[in-house]
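Have a look at the structure below before the remarks.
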Amino acid sequence: MKTSEKVLQLLLKKQAFLSGQELADELNVSRTAVWKAIQSLQEEGYQIESKPRIGYRYIEGLKLSEASIRRFLNPELDLNFEIYDTIDSTNNRCSQKAMDPEKKTPLVVISDSQKAGHGRYGRPFASPVGGGIYISILLDNDDPDFNPGLLTTATAIAVTRTIEKLVHARCEIKWVNDVLVDGKKIVGILTEGVADLETQLIKHVIVGTGINYLTDPSKFPEEIRQRAGSLRRYTLDSGVSRNTFIANYLNEFFSLYQNYKAASFMDEYRAHSNTIGKDVTINRSGQTSEGHVATIDNQGRLVLSSGETLASGEVTKIISTD
Ligand code: BTN
């Protein structure tokens, strides 16, 4: 570990001023080495307050950082991280890593922006710099009955719980994977499976989540401004940093993932649904149909009052309330 990383760890642990001498003694390095480490951390974007004759103090800032995330992470979780300022897509990075025999899983890939963020049906997912959370989790899978729909549903609950607990915004979920606040989409989830070519079994699972956390809505492309929203107003009020949010989301995600097939979160999902009891238009592989949503079952499937059950598709329009 570099001296700068060790200095950061000590400052994060202390959450108060530590003098240059204390840091130097603790790490067995010179005060000049500590000073250089502080300079390099500040250049990387960490906010470190420096007071003459008192020392240094870490201030939780905007920079995404593994060390800050780890402070709030459940210590029982053994996760590996990659954090980028920019990347094509965090899901793509996980697909690449899935092929790497040396990889360590679970791997969490996070980026401050994406150049080719994408969602379902290959649609682009706007991922502007400075404020969004673009995060993908790469998992090994040995379950032949892996259920991507239900895992997406569990992920929607993990994000919803984290938003409601930390940011105090009331969430609604539009089947299957959109989380809305004040009627606008603020979270998208894309779950992908990576199959083994020979066995055709899903060997890896990628759960990608995009959250418009502190994103300035004026940075969204014109064509999605009507539908896309941001948690910015709520996150500024709550003062919860992206790092803290990410750690709490990961804690929720992994606690649900352990046993997601038991679907114990489905009552919570139904309680947040904006789709149950409505007349909707549904798009499936380019085919549009209409129906009345009776419920969402414990497999995460849409159940229409006609008796039809849909495991996939997209609700494109919510027409009326009961
Ligand atoms: C959707 O709304 O259709 C799903 C959007 C998923 C976006 C996230 S952002 C992080 C990860 N990387 C991607 O390229 N996509 C997912």
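Cβ coordinates are placed from backbone N, Cα and C, and glycine is handled just like the others.
Curation plays no part in TrEMBL annotations; they are all automatic predictions.
Feature list (source: TrEMBL):
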DNA_BIND  20-39  DNA-binding region
BINDING   S89, T90, N91, Q114, K185  biotin binding site
DOMAIN    72-261  domain 'BPL/LPL catalytic'
* Averaged over the whole of the DNA-binding region (20-39), what is the pLDDT? -> 96
* Within the set S89, T90, N91, K185, which binding-site residues show a CB-to-ligand 1 distance under 6 A? -> S89, T90, N91
* Select the most exposed residue of S89, T90, N91, Q114, where exposure means the fewest other Cβ atoms within 10 Å, treating these as the binding-site residues. => S89
* Near K185 (biotin binding site), which residues of its chain come within a Cβ-Cβ distance under 8 Å, counting only those 6 or more away in sequence? -> K174, D178, V179, R227, A228, G229
* Structure fact -> DSSP says S89 (biotin binding site), in three-state terms, is coil
* Residues S89, T90, N91, Q114, K185 binding biotin per the record - widest CA separation, whole Å -> 20
